Amino acid sequence: MGLEWSSPGERQPLLFPGGPRSPRVFGRRWLVLLLFSVLAFLQGLVWNSWGPIQISARTAYKFSGLDIALLVLWGPIGFLPCFLFMWLMDNRGLRITVLLTALLMVLGAGLRCVPVEDLAIRRILIHGGQLLNGFAGPTVMNAAPFLSTTWFAPDERATATAIASMLNYLGGACAFLVGPLVVPAPNSTSGLLLYSGSTDAIKDRIEAVMYAEFGIIFVVFAAILAYFPARPPVPPSVAAASRRLSYRTSIFRLLSNLRFLLIVLAYAIPLGFYSGWIGVLDLILTPVHVTQVDAGWVGFWSIVGGCVVGIAVGRFADSIRGVLKPILLLLFSGATLSATWFTLTFLSNVTHLPLTTATLYTSCILIGVFLNGTVPIFFELFVETVYPIPEGIACGVVTFLSNIFMGVLLVFLTMYQMELSWLNWCLTGSCFLSLFFIACFRESYDRLYLDVFVSV
């Protein structure tokens, strides 16, 4: 009876006839992880280039508030061809997909550097460059679990996923640091060196940053072109050697899996809102008289803290397997409390909570620590829940939905720019909702079962 409801692909045995060769790991896996992580770092750095220096960018290039919002919005818009990249990864492998991604980033970074005197044309080129960089987002966000399964042993997978996925966030964090320190604010000396805040001086510094980013991205592209294997000679685990469902079957299975959809919403809503929120943190903190540099430091440490916690939690998950849901419950409890604290701080006249630099720093950094720390754990849980659906397809659906929520938030931002406290309430409410979804979720570890018991 069950055969009537399954596709031919689903009726194939997971393991190839005769069994897979004995699993083995190769030292080159760390080089592959390094190249991919650096690429992900640079994509995040370029995506978040403009938010932290939005005041200087308005002066140098006559950007409007709508322009600044659009420069951030190109990130989620770049996820529209997400399903194409998922298909490419599933059918052509990691090398072709990563090469195409790196090429898009080179073209995007180069487009921003075209020396045109007309500011209107220059703004169009910058927008185009940001869009091309956005098209690289699906790969750098989705491929981490695929890479870790392809190259790493079961007791290293969560750690590799954490490193590969967190470096993209770290790149976005470094944009909060690099931009405000290198690019001076108008009529100030807040840059890396004492420097006149004139329009020409600001423009020169912004262009220096863009040229440097282009050069580094080109070097990474050349390194990937020279050496980035699609897979190791021998799979590192039983799961890596097993058959996977086809692209079409995987999509249907994902959309009909209620447990998967529940945990997807638990990830997509708060992480999507947080990505949009942190991208315009400078605008949110402006009404409470936080400078561009201070806002940059807040954003930087909030994401860096999340990256450190994410990698540490990933290592812990590798050491003690089967505890992904409790980890998520703990992290989201902290995120919910921190977001509530940050939001109520802006209502100090009502709540009487102190509105100081220390409270803003602490609450904002804790939000980033707890939310960003959940990303690699979510990715591992997605793959475990829907195995044997390919990792790239499962995570592609997830990040696509996350960017839809991020895009919706930024679209509303383009219409309601005067008063931004509603962004804080959206973030807090999404954390509460996600905590409820995680509590209702029933976890399973199908891929882990295959590796532990079948290999034995």
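From the backbone N, Cα and C atoms, a Cβ is placed for every residue, glycine too.
Straight from Swiss-Prot, the features:
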TOPO_DOM  1-29  topological domain 'Cytoplasmic'
TRANSMEM  30-50  transmembrane segment
TOPO_DOM  51-67  topological domain 'Lumenal'
TRANSMEM  68-88  transmembrane segment
TOPO_DOM  89-95  topological domain 'Cytoplasmic'
TRANSMEM  96-116  transmembrane segment
TOPO_DOM  117-123  topological domain 'Lumenal'
TRANSMEM  124-144  transmembrane segment
TOPO_DOM  145-162  topological domain 'Cytoplasmic'
TRANSMEM  163-183  transmembrane segment
TOPO_DOM  184-207  topological domain 'Lumenal'
CARBOHYD  ASN187  N-linked glycosylation site
TRANSMEM  208-228  transmembrane segment
TOPO_DOM  229-259  topological domain 'Cytoplasmic'
TRANSMEM  260-280  transmembrane segment
TOPO_DOM  281-292  topological domain 'Lumenal'
TRANSMEM  293-313  transmembrane segment
TOPO_DOM  314-326  topological domain 'Cytoplasmic'
TRANSMEM  327-347  transmembrane segment
TOPO_DOM  348-362  topological domain 'Lumenal'
CARBOHYD  ASN349  N-linked glycosylation site
TRANSMEM  363-383  transmembrane segment
TOPO_DOM  384-392  topological domain 'Cytoplasmic'
TRANSMEM  393-413  transmembrane segment
TOPO_DOM  414-420  topological domain 'Lumenal'
TRANSMEM  421-441  transmembrane segment
TOPO_DOM  442-456  topological domain 'Cytoplasmic'
Long-range Cβ neighbours of the transmembrane segment (293-313) (under 8 Å; 6 or more residues past either end): 52, 159, 162-163, 165-167, 169-170, 172-174, 176-177, 179-181, 185, 190, 278, 281-282, 285-286, 327, 331, 357, 360-361, 364-377
Among 96-116, 124-144, 163-183, 327-347, stretch most in contact with the transmembrane segment (363-383) (C-beta, under 8 angstroms): 327-347
Contact yes or no, the transmembrane segment (96-116) and the transmembrane segment (30-50), 3+ Cβ pairs under 8 Å, gap 6+: yes
Interface-richest range of 30-50, 260-280, 393-413 toward the transmembrane segment (68-88), CB pairs under 8 Å: 393-413
For the topological domain 'Cytoplasmic' (314-326), the number of residues DSSP places in helix, strand and coil: 9 helix, 0 strand, 4 coil
For the topological domain 'Cytoplasmic' (145-162), mean pLDDT (0 to 100): 86
Among the ranges 124-144, 163-183, 260-280, 327-347, 421-441, the one whose Cβ pairs under 8 Å to the transmembrane segment (30-50) are most numerous: 163-183
Feature contact check the transmembrane segment (124-144) with the transmembrane segment (260-280), CB under 8 Å, 3 or more pairs: no
Stretch contact, the transmembrane segment (327-347) with the transmembrane segment (421-441), Cβ-Cβ under 8 Å, 3+ pairs: yes
Range from 163-183, 393-413, 421-441 with the greatest count of C-beta pairs under 8 A to the transmembrane segment (124-144): 393-413
Tally of DSSP helical, extended and coil residues in the topological domain 'Cytoplasmic' (384-392): 5 helix, 0 strand, 4 coil
Residue distribution over DSSP helix, strand and coil in the topological domain 'Cytoplasmic' (89-95): 7 helix, 0 strand, 0 coil
For the topological domain 'Cytoplasmic' (314-326), sequence-distant contacts whose Cβ falls under 8 Å of one of its Cβ atoms, 6 or more beyond its ends: 155-159, 161-163, 376-377, 380-381, 384, 438, 441, 443, 445, 448, 452
Counts by DSSP class (helix H/G/I, strand E/B, coil) across the topological domain 'Cytoplasmic' (145-162): 13 helix, 0 strand, 5 coil
